[in-house]
Amino acid sequence: MKLTCMMIVAVLFLTASIFITADNSRNGIENLPRMRRHEMKKPKASKLNKRGCLPDEYFCGFSMIGALLCCSGWCLGICMT
């Protein structure tokens, strides 16, 4: 009997907590894509997305990976413009 009462109270508590938090999260989920786009415009938010690139006339090697390292995207032993 005590276990049944405890289970009923626990279910009521969890149901009430779902209804309390659901009202607050409704607006947050709708605005989530807008917030992410807004954060990407901030330089501090996108520090991890920035990559260093090699300037022109800098040695980059002779592979396809070297072209990815150059700021211009052209690599023939050195970065080209």
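Including glycine, each Cβ sits where the backbone N, Cα and C put it.
According to Swiss-Prot, the cysteine that forms a disulfide bond with Cys79, out of Cys70, Cys71, is Cys70.
Recorded disulfide link (Swiss-Prot): Cys71 to Cys53, out of the candidates Cys5, Cys53. Distance between Cα atoms for Cys60 (disulfide bond) and Cys71 (disulfide bond): 11 Å, as a whole number. All chains included, 14 other C-beta atoms sit within 10 angstroms of the C-beta of Cys53 (disulfide bond).
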